[in-house]
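First comes the structure, then the notes that go with it.
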Amino acid sequence: MRQILFAGAIGLFLTLVGTPLLIKLLARKGYGQFIRDDGPRTHGSKKGTPTMGGIAFILATIVAYLLAKVITGEDIRYSGLLVLFLMAGMGLVGFLDDYIKIVKQRSLGLRAKAKMAGQLIVGIAFAVLSLQFPNSMNYTPASTRLSFVEDFGWSIGPVLFCVWALFMILAMSNGVNLTDGLDGLATGASVMVFGAYTFIGLWQFQESCANADNLTNPSACYEVRDPLDLAVVAAALMGACFGFLWWNTSPAKIFMGDTGSLALGGALAGLAILSRTEFLLAILGGLFVMITMSVVIQVGSFKMTGKRVFRMAPLQHHFELKGWSEVLVVVRFWIIQGMCVIVGLGLFYAGWAAKK
């Protein structure tokens, strides 16, 4: 428990203090946001706002995790390192994308094939490594069995698992990327989901099969390799994003950029895969799914019928064009995300209670 508290507090402190320093550095170098001409007119004032702010919470999360381990004297686990690797790797792809947008003033950044290649390399490396490093109970960080609130009984094999893991990583990283269109929206939503995974990791640790002899209901235990370590990473991410939100909320002093959005999406996917809650992530991260589906519906409808369902996609811009203020959209979408987290945690607990 002390690890979780230290990780969250350190992550919060580092981004609260470190983000304004990053803002000054990025502003001095002229690394400002490039605004597309086809977006809402109210976004014109955002042009030039420092971007690549994801650097702040990526570094803060890594430092917070490591310091929490040093302070408490606890061992560093493979599961935590794998999530940090996935987060940093996806963040690096996003950083290259942001850098090209800024330096070359090209709104689309990396070429689609190059961006996809980078995400695939990082994702495949994570998927392969997550099936290594068995512990004394022969648990590896990930499992080849699909999961909702825990693993299902059948395995899909390592090859299909890698394909599935890649799908999750790409879907979540791009889902957060699509959500990051309004000040504080993606950051605030991510704080809620990381908070949920902090709780899930702690609960799984207390009900771990490694402690089955001490449990009142051993049949409901969790076969997760390092649940407490995942909770520490999630707490570090929650704290770091919460501190970043101070500077990212409207009117934003800095944007996370693709550096941040791809990193957060990767971290969410990694936590879901390693905590055996893969399908549950679709509910816990319901806002990201909803916004992603709005783009799929918009593109599909236009290609098939020549008509658009929404005034603009992603969904948050549709409501802006209907006359909602940016802050109103963000707060209402946060409420939706909060309800998704409540439902997701309720289902997680129900899955455990049903086995009592």
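Cβ atoms here come from the backbone N, Cα and C positions, even for glycine.
Keep in mind that what you see is a predicted model, and the values were worked out from it rather than measured.
Pulled from Swiss-Prot:
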TRANSMEM  3-23  transmembrane segment
TRANSMEM  51-71  transmembrane segment
TRANSMEM  80-100  transmembrane segment
TRANSMEM  114-134  transmembrane segment
TRANSMEM  152-172  transmembrane segment
TRANSMEM  185-205  transmembrane segment
TRANSMEM  227-247  transmembrane segment
TRANSMEM  254-274  transmembrane segment
TRANSMEM  279-299  transmembrane segment
TRANSMEM  333-353  transmembrane segment
Segment proximity, the transmembrane segment (279-299) to the transmembrane segment (227-247), 3 or more C-beta pairs under 8 Å: no
Stretch among 3-23, 51-71, 114-134, 185-205 sharing the most Cβ pairs under 8 Å with the transmembrane segment (279-299): 185-205
Selected stretch (most C-beta pairs under 8 A with the transmembrane segment (80-100)) from 3-23, 51-71, 114-134, 152-172, 185-205: 114-134
Most Cβ pairs under 8 Å with the transmembrane segment (185-205), selected from 3-23, 51-71, 114-134, 152-172, 254-274: 254-274
Paired segments the transmembrane segment (51-71) and the transmembrane segment (152-172) in contact, 3+ CB pairs under 8 A: no
